[in-house]
Amino acid sequence: MCISNIADDRLKEQRSALAVISSNGEVLWMPQAILRSSCAFDILLFPLDEQTCILKFGSWTYNGFKLDLYFKNGTEKFGFGDYIENNEWDVVENEGYRNVKMYTCCPEPYPDLKFKLRLKRRVAFYAFILIMPCALLSLLTMVIFWVPPESPAKLTLGMNVFVAFFVLLLLLADSLPKAAFTIPLIDSYASRSGSGGDDDDDDNDDDDDDDDDDDDDRSVNSGNHFSVSCE
């Protein structure tokens, strides 16, 4: 028996473990093993996300007539008696169910056991290194609008905020999986906030140029009117 959605070809187990044979024909074999499985992540709400992982245990060699799988003592879930709490995840849901699959090639049944684990990310660590800095930088972005356009501090503050958002994006890249189906909202927000200040500055510059052009037009119009009056 093995895990169907295993993600590591180097199965680390101790096959030298002895089997326990009962008088009724039952054989209990519990080899120690470290299993790694694949799990699809939805990180849209990172770091406030919850993930659901499915672990499927079954046999590719023996059918249900030779190897039957069932839950011990009718407990349809993982045993967490010796579980050590993880620093990053909390297990909020733990359930299992038995499934019997029939293939077109073979008349024999192939049972498997599936376990569903719903994990919730612990947000305390990410709140201090991601959420709070992002909120403070957003406040600094609004301060840029209060600085007079002619002040050199406006450009300096805008560049510093841009660099800070860029560093924040680097921290997000290190904290997120390398591939995912969705882009986190906090990542999109940081990207837009980091580029928003420059666009506002450009708009202000364009407005200043338009004002200068209007002043020039008024000057020319005034001159024309003066010359006409002289004639």
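Using the three backbone atoms N, Cα and C, a Cβ is placed for every residue, glycine included.
The feature domain 'Neurotransmitter-gated ion-channel ligand-binding' is assigned by TrEMBL to 2-123. Counting residues of the domain 'Neurotransmitter-gated ion-channel ligand-binding' (2-123) by DSSP class, helix then strand then coil, yields 3 helix, 50 strand, 69 coil.
With a threshold of 8 Å between CB atoms, the same-chain residues lying at least 6 positions outside the transmembrane segment (123-147) that come near it are 46-48, 88, 153-154, 157-158, 161, 164-165, 168, 171-172, 175, 186, 189-190, 193, 196-197, 200-201. Taken from TrEMBL, the feature transmembrane segment applies to 123-147 (among others).
The domain 'Neurotransmitter-gated ion-channel transmembrane' feature in TrEMBL is assigned to 130-189.
Among the features that TrEMBL reports, transmembrane segment is placed at 153-173 (among others).
According to TrEMBL, the region 'Disordered' annotation covers 190-231.
Residues annotated as compositional bias 'Acidic residues' in TrEMBL: 197-217.
The annotation compositional bias 'Polar residues' is assigned in TrEMBL to 220-231.
Taken residue by residue, the domain 'Neurotransmitter-gated ion-channel transmembrane' (130-189) breaks down under DSSP into 44 helix, 0 strand, 16 coil.
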